[in-house]
Amino acid sequence: MSSNDLNNKKVSITSLLFSYSPKLLIIAVTIGALSGFFYSLIIPIIVNSIQVKASDEVEVNASYFQSYDFINGNEGWVFFLTVIIILFTKAASVILVNNIAKSATAELKLNIVKRINSMKLDDMEKVGFSRLLNLLTEDVLSVANAAVGIPVIVVSIVTIIGMFSYLFILNSIVFAIVIVSVIFGIILYQTPVRLVRSSYVKSREFSDVIQEGLRGLIFGAFELKLDRNKSKNYIKEEIEIPLLKSTKLEKMADGVLHLSATASDLLSFFIIGFLVFVLPSYIPFPKEESAGIIMALLYIAGPIATILGMFRELEIGNIALKRIHALECFDGELYCNDSQPLPEWNTYNVKGVSYKYSSKKFDNSFSLKPVSLSFSRSQINFIVGGNGSGKSTLSKLISLHYQCNEGEILFDNMIVDESNIALARERISVIYSDYYLFSKLYKKQNLSDIEKVNFYLESLGLSGKTDFVNGYFTTTKLSDGQRRRLALLVALIEDKDIYIFDEWAADQDPEFKKIFYHQILPTMKKDNKLVIVVSHDDRYFKCADRLIFMDGGELVGIESKEKESATMI
Ligand SMILES: Nc1ncnc2c1ncn2[C@@H]1O[C@H](COP(=O)(O)OP(=O)(O)OP(=O)(O)O)[C@@H](O)[C@H]1O
């Protein structure tokens, strides 16, 4: 997802709002336009009133002293009525679009959540968890900030159009001059906007780096607390420097935008100066219209400033939206709607499965050479081998988290493909080394489940540490070993066909290692489960029906009890 890719994507805040609720948006914009129309009436009403009074000055002066009217003349009523209409129409439009924007961004956030949920795990790793988090927080916020500014822009645009119409009625030459100047102003503003766009894109990329730094700051707090030097360097390199670079880019971009906004904003004064001091020397300029024209031009400066001010938010919002839409270049996983469960099976076959991590930084990224294995139910398999030999990578392929580059996985003869992968995954439960422990069991529990939970809480030494109440564990703030035992409990309650444990027992007390290898695994075997354990625990290798040896990304050997007993016979 390079910056160029992002720039080529056609997405915008307005289309986001429009696609959320076209009818409501049209109503809100129409009301906003109405408000803008009434805004543009303010100056003509005032100018008209002043001109009427000027032509009848004596009467007006008399009326000041003789009349007890609260508001002087009809123009006053029209003026205040207009102001009240502006109040209601502008408020209605802003509130309405604000509601649409809030709902649309909430929906956008939910869509990103669903999109991330449907992404392939290897794609999620490629994008990076920090960037994904950033999309959900900062980018969605930028979109929301830009979206809520849209009604203000609509009101301002219509006000400007109204004032232009008024200028046209007053003097068509002045109107033409103003139009040419405004076109010039737009070009003056748009050029720097284009120039600084890449700075905003880069600044957003730095915010991904900062997000990663913040993750380390929080999750690495224990390590950082012990080493002031490391902590100082970490903060400097991973947070401060990217933050400074991002701030510098934004300051530079903001500066250019503010400069050109101010220049465009002052356009009204340049035009006024031109009309008052230059134009009269060349063409006759009717003095009686000048007050109205100048007031109109001064009045236009406000909405122009508002629009230009909002351009920055819109630009950042659109960049954020493009970053969000860039997720679409990753194909989501296809889930079939088939509610039929997977048929019963006996063998789980891994045929010529290979995998290569894609890495931008390293060409020689790790690859798992083609592996073929046939697993059966009621079988306990240990995958063993040195660090980095590919045990976890193979497990992630077997658990269908990663999708292989070559080869296939079959339940008996049924190939696992996009049409049945979701159903196939539902037969598998895993505990990887970086597992996440949910405090709730997301399944309907019957009485026997609750009894089972309480049984395992007792046998895994968790009674009194946490309780199971209304589908929740009262706490998951436990020791590492206890948390891992709770994760095992949850997996057992899920009652799947295939279980994969990656170094589950590594940090368990000898007592619980024994329970795991000598009680839990045999019980699972008895219950017809296929169990795959990634382990370095050679003292317990004898508990396996089969040992699968990995080395340098290759399957280098298989040792099975059946074979041993066969050779012994
Ligand atoms: N997410 C990843 N992205 C890129 N490369 C990875 C990733 N995870 C692992 N690797 C690479 O794959 C190789 C094998 O890793 P794997 O986790 O499968 O080894 P392992 O045998 O389980 O090691 P250990 O016993 O240390 O857990 C590693 O050397 C690493 O270079």
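Including glycine, each Cβ sits where the backbone N, Cα and C put it.
On a predicted model such as this, the values are computed, not experimentally measured, just so you know.
According to TrEMBL, the features are:
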| type | residues | note |
| --- | --- | --- |
| TRANSMEM | 24-47 | transmembrane segment |
| DOMAIN | 24-188 | domain 'ABC transmembrane type-1' |
| TRANSMEM | 77-101 | transmembrane segment |
| TRANSMEM | 140-161 | transmembrane segment |
| TRANSMEM | 167-189 | transmembrane segment |
| TRANSMEM | 255-279 | transmembrane segment |
| TRANSMEM | 291-311 | transmembrane segment |
| DOMAIN | 348-569 | domain 'ABC transporter' |
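Of the two recorded stretches, the transmembrane segment (167-189) lies close to the transmembrane segment (291-311), with three or more CB pairs under 8 Å once pairs fewer than 6 apart in sequence are set aside. Among residues of the same chain six or more beyond the transmembrane segment (291-311), those with a C-beta under 8 A of the stretch's C-beta atoms are 39, 42-44, 46-47, 50-51, 146, 149, 152-153, 155-157, 159-160, 163, 166-167, 170-171, 174, 178, 185, 189, 193, 257, 261, 264-265, 267-269, 271-272, 275-276. Over the domain 'ABC transporter' (348-569), the average per-residue pLDDT in this prediction is 88.
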